[in-house]
């Protein structure tokens, strides 16, 4: 990433390949050119309207895919053509590697006489090879993957699909493009030689058993010996030797033809056939051999190969009964290789795009763009300017971290074209460090991208600790970029813009490093990561290192390194994963950046950054972003570990340089910085003066206090054998440490009391108050987390005040208000029983689900405090309105002025409501209730009940009417 532009150019080229190529910012710095190649095809749809596109999105060469058509009955595939870049790259370039690639697949051309396009597209990215796909039908394509970012289904052909290549790895090598080599003038016509693509070939080997060959059906008819899957898209070489013998001497000379056929995806017609023939006679029938030796160039691979078949045939009818047995002179086998087959992207992954029900003779357009890093051939190189690749850890690891979150950021390998076009704006924002990410905010990604930027973008020293868990140890970040400008060596990381990033140097030498900087220590130690606690080692030794950075000249700070047996390279940062050897290969050490000039004890050790020593002897180590330790102190510590320490870890830190007599320790520089690092762990520094403990002034009394407990201290076996005074130091320092420090503490306190200084008096009071209230450990941990006392200053800036009287209502009033509020909400929800008094008895809680169901089912008020869990899953069967039931019963039974319905009829209506879950009767139930009412009304009266007789009405006179007055035939 260039410093002149705040843009992640490599990531932009991956996301938006049409914007052009950008150099891969890894540590492969070959001179190369950048080139963009296009691919454009108008594929005609067959009569079946269905077909298949096989895409190789990561292939580093010119072949980017293939097109197949289904036959009219859609029972078999038919190969149509390769899909390639517009220029055959191997004609002008020797090596290359792919940067990015994209395909757009859609249809927009109407055949004559049509006014609308039909058809849909299915697409899926498969992590395996083409031969591993079980079914290639349109509907089964979606079962290739369960990842939603890797498939699209039922997209209209007019809308289109976009296939985007996402890297499957980094630090990929340049691949030979199978260019032809120059040849002499006497070469015969047609003869040529090429450099095969064999950096990482995929090799296949057919091993045949030492058994009888299957019997052939007739002469000239091949009989299959073996068939299986194999993926080949470019040149291959076949070698092999099939040895066999016959049971009896052949009557006539018999020719055995062993045939190796390379088959495609569509049919059983061989793409390439390799045949090896041998003549079996009476002289060699007990040990005949057929040898394969043939090279097949890429031009002969006319379509993708997915299968191979090995068969044999005879030319003599009489030889059919004379059985042949394999393995007469050794194992029978045939092998062949697929050039570049194991390079990521060549054979896997693949993307399959199937189309269906398209109009015959319509055109399916494939438009692709591929970006490459290419190395020209010698002729072209004379007239073309090439440039070195730039190692840009920020740009590379920003791309890695973004792609490692592709699920959260919804970065797909297969897109609906309109969705990809909508997403291009967000991609441009992600690759622009100056953008405030407004579009990403709308998608909900801004916080994630900002977090990645904070880790990846500021400086290299803050990048790798956070990135390591995401991208692993794939990058050997520093590589061979080493400048040895001192005894310790210095590792530098150079960015594309020409500036150096902060990479901590680990000094264990006597060179002048600089003055102690607390600010630098705080800033860089905050990047440490991945702490691991190890059980108490069998033995070990501790030595200090001094760290510096290029961006802060003259500043330094120290840390400790513990060397223990066994190999633990996985506990080291990738920058420190360096293996050094003792003299004459008598042992090795991980984490030391230079070979050891003396012999070891044939053991392997590891130098680990020390975080903490536990009371039980366990050690806590951590990963730090720094180079491996070097210099005299590391050699001194290793000499002690190999020759003088048999068990345990001495509770002290060793520094110095071994003199030529291998006994005296020569003082070295940087002792004050190393002493501070040792005191932070409560350990003394040994070796700054011959035979005398360090005498370094320190302003902090607490830094001299040694933690409780003790690690086992090994007494030197044969004192003064290697280093003078070592045995005396190791015996006396640890044993007299506690008494000496107690005297030092008492003397310091006595001197402090004599000083009439208010500040000292306050400090003493503060120490006493801290110890009295058992706050020492808490304050110490706080000081490590808040070294500048920013948070603590805010916390204690306002002293505590007397408790004020609470404002507002008292507790009883507040609870009553709470009960009233809950009661109102419960009544609104249908719990009429939930009065404020009931809520108070229910511990000021509303009705539980069980209590509410109990009331709805039984109609009774639940007891406060009981949960009625048995009623939670019961259905509500009790009718909620008894007045409604009574009115309905009276209405069905009779008119309002008649007598009310009997209790039996009420019960029948209640049962109907209960059966309906509280709802009224339906039409059939209503008719049943009417029939029941009529039956109840017709019930016979008891026998003792007399039927009341009524007086019959008086009969009217025959001549009277209401229009004539009564009388004896009077006239009107």
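Using N, Cα and C of the backbone, Cβ positions are placed for all residues, glycine too.
Taken straight from Swiss-Prot:
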ACT_SITE  633  active site, nucleophile
ACT_SITE  674  active site
BINDING   26  divalent metal cation binding site
COMPBIAS  801-817  compositional bias 'Basic and acidic residues'
DOMAIN    509-734  domain 'Peptidase S50'
REGION    797-817  region 'Disordered'
REGION    917-972  region 'Disordered'
According to DSSP, the residue listed as 'active site' sits in helix
Rounded Cα distance in angstrom between the residue listed as 'active site, nucleophile' and the residue listed as 'active site' is 11
Residue 26 (divalent metal cation binding site) falls, by three-state DSSP, under coil
Students should find that the Cβ of the residue listed as 'active site' has, within 10 Å, a number of other Cβ atoms equal to 30
A correct count of other C-beta atoms within 10 Å of the C-beta of the residue listed as 'active site, nucleophile' gives 29
Residue 674 (active site) and the residue listed as 'divalent metal cation binding site', compared by Cα position, are separated in whole Å by 36
Cβ neighbour count (10 Å, all chains) around residue 26 (divalent metal cation binding site) is 22
Per DSSP (helix/strand/coil reduction), the residue listed as 'active site, nucleophile' sits in helix
